[in-house]
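Among the features that TrEMBL reports, coiled coil is placed at 179-206. As annotated by TrEMBL, domain 'Phage shock protein PspC N-terminal' applies to 109-166. The domain 'PspC-related transmembrane region' annotation in TrEMBL covers 210-346. Annotation comment: TrEMBL describes 400-525 as domain 'PspC-related ToastRack'. Per TrEMBL, transmembrane segment is recorded for 137-163, 239-263, 283-307, 319-340.
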Amino acid sequence: MKKTLNINIGNSIIHIEEDACELLNSYLIEVKQHFGKSADDFEIVSDIENRIAEMFTEMLHTQQKQVIELADVQVVIELMGSVKDFEEESDDEPSAGYTNAGYAGFGERKIYRDTEEAMVAGVCSGLSHYLRMDVSILRVLAVLSVLLGGSGLIAYLILWVSIPKAYTRSERMAMKGEAVNLQGFKRNFEEELSNLKENFRSAGDQMRPFVKHSGSFIAEFIEVLGAFMQGAGKTIFKFIAIIIMISGSLMMVSALIVLAALLGLWDSGTSGIFPLNIVDEAYFTTFVIAVFIVVAIPLLSLILLSVRVAFNSRSVNRMFSYALLLIWLCGLAVGIFYVAKITTEFKEDAEFTQNIPIKSFPVYTLSLDRSRFFSKDDSLRYQLNSAEYTGKIIQTDDRGPFNQPRNVTVRIEKSDDSSPSLTESYSAKGINFETALYHAKNIHYDFMQQDSLLKFGPELHLMKNVNWRDQQIELVLKVPVGAVLKIDRDLDRYLQGYSLWDCGDDHSGDAPYEGVMTEEGLKCKFDQ
């Protein structure tokens, strides 16, 4: 049985066989002798050790074993390449197409957020490396998607949570598709160091005149700013994250309660009110679930991001994040499909009219009647005993927050003869003329004449199982010349082409309007 040792490499404890450890030590000594010639090069050695530790950890996990063997070390050395490989390369440059274990070449690309070139969180810059696209194109597309509806912002937040940040050099190299071996580490570090020196040189040339006079102030300002960001700044960000987390959680609970109500888990009757009655009952449940997914998943992503910022926790499992993104996209697609379907059901118009004779009186009183007879459907809706309430009158109010758009208009005109009349014009929309006419015919409106009293209902009512399709009614009351009209001022907002408040009477605002029908139309009695 071979002797085993515990070693610390790349801040990871690895259980390794003794002969494998000797080979690994020899390899690391060669690496340190080649790369550890300066303080700057020491970072390469540290990155190489971290990469070897990652490979060992992956081997132990995939092969489900506890100890690194000699063969494992040999595989790692072969993948990483030896110092001799690129020392020989410096003497004799390889021809085009030549590759070996030490040549940088290309590796498998992995998706990470590139925070070094980030404008916000590095999502676009990371995707540009993975997709091999110009980052400017992705950023323009992201901005356009945010401006055109805001869906891009939701997708960006989901990707921000689901895509991990490239912390180590090996992760940044894998993000760019560079081979993670000795030659790759060396070339990457040299490029990074060269860019850093160039940036410092460029910044120094531009800032030297200013720094000469205010260098001490800048140094002090940077020091104070850094201290603030490390102390109070982090505290403020964590506090904001906690507030967002609590608010998002409350909104999520509210969304779940609304979903339960809409799906009928409570006998709430919510699907019959506007604007929910726009959605057909055949796909009401599917549409509601799709809308819930579109709203809830971004909320959940925001909560997870806030938890991550507030408690410095690790990002959620990548597969879980991708699953959430896929579910959200499916919900969005279903929602868009049904919105388009509903939109097509407003394509055609249909209208029909009917005339109602009015008894002749010299004076008419027009009032707004908010009462209606209690029906069997009403008793079922409000869970009351229909035997006790059938035929009785209940009061309704058209000023609630969930009523249909104003769908009743009244016009008062001069009659062509001495007989008064009322014309009711019903209109609605549908996917075709036949459907639109069906919707128009399934409208109920409350109008009643009691001698000289004309009662107008404040709204029309849809028959059972009829969806809202912009149903409207236009009432044209024609009275002969000389007829006197006393009009309830509550009817003013229903009148078309005339305002009751233009009358120059001295009565209080609660007094009814008094007008006379003339050859020119309705005139205020006090303006004659």
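Cβ atoms here come from the backbone N, Cα and C positions, even for glycine.
Sequence-distant neighbours of the transmembrane segment (319-340) (same chain, 6+ residues past either end, Cβ-Cβ under 8 Å): 151, 154-155, 158-159, 161-163, 279, 283, 286-287, 289-294, 297-298, 300-301. Listed as Cβ neighbours of the transmembrane segment (283-307) (distance under 8 Å, sequence separation of 6 or more from its ends, same chain) are residues 154, 157-158, 160-161, 241-242, 244-245, 248-249, 251-252, 255-256, 259, 262-263, 271, 276, 313, 316, 324, 327-328, 330-332, 334-335, 338, 341. In the predicted model, residues of the domain 'Phage shock protein PspC N-terminal' (109-166) average a pLDDT of 79.
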